[in-house]
Amino acid sequence: MSEPEAGQLEAAVLDAADELAACRKLFALEEGTVYLDGNSLGALPRSVPDRLADVVEREWGRLLIRSWSESDWWNAPERTGDRIAPLLGAAPGQVVVGDSTSVNVFKSLVAAVRVAREDTPAGQPARTEILVDAATFPTDGYIAESAARMTGSQVRAVPAAQMAEAAGPATAAALVNHVDYRTGELHDPAAATVGVHRAGGRIVWDVCHSVGALPVELDAQGADFAVGCTYKYLNGGPGAPAFLYVRRELQPRFDSPLPGWTSHRDPFAMASGYEPAEGASRGRVGTPDILSMLALEEALRVWEGVDMAAVRAKSLALTDFFLTRVRAHVPEGRVTSLTPESHELRGSQVSLLCEGELRADAERVMAALHERGVLGDFRRPGVLRFGFTPLYTSFGDAERAAAALGEAVRAVEGER
Ligand SMILES: Cc1ncc(COP(=O)(O)O)c(C=O)c1O
């Protein structure tokens with residue numbers, strides 16, 4: 001049996017034993033496409049188009065403004081938040097959906113600084129520092145800088161693994177990514193949380209690249225705030241609204257820097273003075289983005305009955321298999337994995353760095369993969385990213401992608 005045939009056979013055996021294999025039919029994926037970009041834009045769940053058509057034609061088209069109450073549009077942010085909560089290890093009533101992750105980073109960081117300062121007794125040194133994971137997704141860093149200027153603080157960038165020791169008496173807030181967006185490295189925000197709390201600060205977790213990909217334990221691990229996207233592993237659709245988690249004990253103290261009218265205790269009183277709502281609603285700002293939110297709410301149905309431990313086990317098996325098959329198909333020395341081998345340090349994506357002369361051609365390698373029906377993405381300098389979404393990625397997909405990568409590398413090298 002040839003090496004490629006052995007790979008295909010192994011993939012078929014793994015697919016036959018996959019307890020999540022049946023979930024794939026819940027998604028509208030085209031035959032012949034290997035979709036490995038669910039860490040950027042999740043695939044379309046099959047039931048979403050009909051639900052959206054109903055929302056547009058009946059709820060908006062016929063019920064018109066009555067839908068705010070009759071279709072319960074008004075409560076969609078909290079209702080959808082409660083559907084995401086189990087995927088975050090959060091009890092109900094702590095998650096609200098709305099705005100973008102960027103905006104929620106801003107709300108939570110400023111609120112975190114405010115809480116930490118309130119907790120600091122008079123006479124103690126001022127808390128004037130925001131710690132940010134040094135390899136953070138850019139938006140988090142930019143917003144932390146602005147939050148720091150607004151609150152009279154400075155940002156200090158520290159590697160995520162050192163955040164616990166880095167936190168000290170000046171730390172007001174810390175922002176840590178659960179999974180690094182570029183390398184796919186899994187961080188330990190629980191350890192960072194212990195360190196930041198010990199120092200008297202508050203912590204925000206960015207779970208954009210972990211929610212829906214692996215178990216997240218916000219309640220059990222003591223996160224103060226968390227933010228995340230819904231258009232990646234939660235399949236909410238392009239630009240779907242993000243979520244904000246505020247730990248229950250902190251909700252009465254959540255002092256939002258964006259106190260919009262929909263987070264007012266009595267929005268329709270149209271009062272001139274602001275009085276915050278109780279609970280998760282305090283994280284709202286303005287009118288919810290109903291079309292995207294209801295598409296997301298429908299998309300979340302694919303999680304019914306899904307065990308996150310099974311998702312994690314399949315994600316690790318898929319990424320292990322892909323890494324092995326890349327070694328079998330891609331000529332020696334062309335790519336190295338930025339994604340750690342160790343399961344404890346691996347999220348649900350594989351990032352391959354092109355080496356030597358191939359680095360400058362990495363974007364062409366990704367284009368050649370797209371021509372072969374394998375969709376991953378490219379990040380400078382020379383990084384090929386492949387997201388593995390256990391609900392719809394098969395081991396057969398991983399084998400096809402690795403084989404196509406070998407072909408793409410040879411094709412690009414042949415054009416030189
Ligand atoms: C880790 C991380 N944080 C924040 C963001 C920003 O999200 P948004 O563009 O929805 O504000 C992203 C987007 O990809 C991300 O990956």
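Cβ coordinates are placed from backbone N, Cα and C, and glycine is handled just like the others.
Feature annotations, courtesy of TrEMBL:
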BINDING   Thr101, Ser102, Phe137, Pro138, Thr139, Asp140, Asp206, His209, Tyr231, Trp261, Thr287  pyridoxal 5'-phosphate binding site
MOD_RES   Lys232  N6-(pyridoxal phosphate)lysine
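Summarising the environment of Thr287 (pyridoxal 5'-phosphate binding site), the number of other Cβ atoms within 10 Å of its Cβ, over all protein chains shown, is 13.
In this structure, Phe137 is the one among the binding-site residues Phe137, Tyr231 with the smallest number of other Cβ atoms inside 10 Å of its Cβ.
The pyridoxal 5'-phosphate site in the record is lined by Thr101, Ser102, Phe137, Pro138, Thr139, Asp140, Asp206, His209, Tyr231, Trp261, Thr287, and its two most distant CA atoms lie 31 Å apart. With a CB cut-off of under 6 A applied against ligand 1, the recorded positions Thr101, Phe137, Thr139, Asp206, Tyr231, Lys232 are reduced to Thr101, Phe137, Thr139, Asp206. Other Cβ atoms within 10 Å of the Cβ of Thr139 (pyridoxal 5'-phosphate binding site), summed over all protein chains shown, number 16.
For Thr101 (pyridoxal 5'-phosphate binding site), the same-chain residues lying six or more positions away in sequence with a CB closer than 8 A to its CB are Thr139, Asp206, Cys208, Val227, Gly228, Cys229, Ala242. Here Lys232 (N6-(pyridoxal phosphate)lysine) comes close to Gly38, Asn39, Ser40, Leu41, Gly42, Cys208, His209, Val211, Gly212, Gly387: these same-chain residues lie at least six apart in sequence, with C-beta atoms under 8 angstroms from its C-beta. The number of other CB atoms found within 10 A of the CB of Asp206 (pyridoxal 5'-phosphate binding site), across every protein chain shown, is 28. Under DSSP, Thr287 (pyridoxal 5'-phosphate binding site) is assigned to coil, being neither helix nor strand in the three-state scheme.
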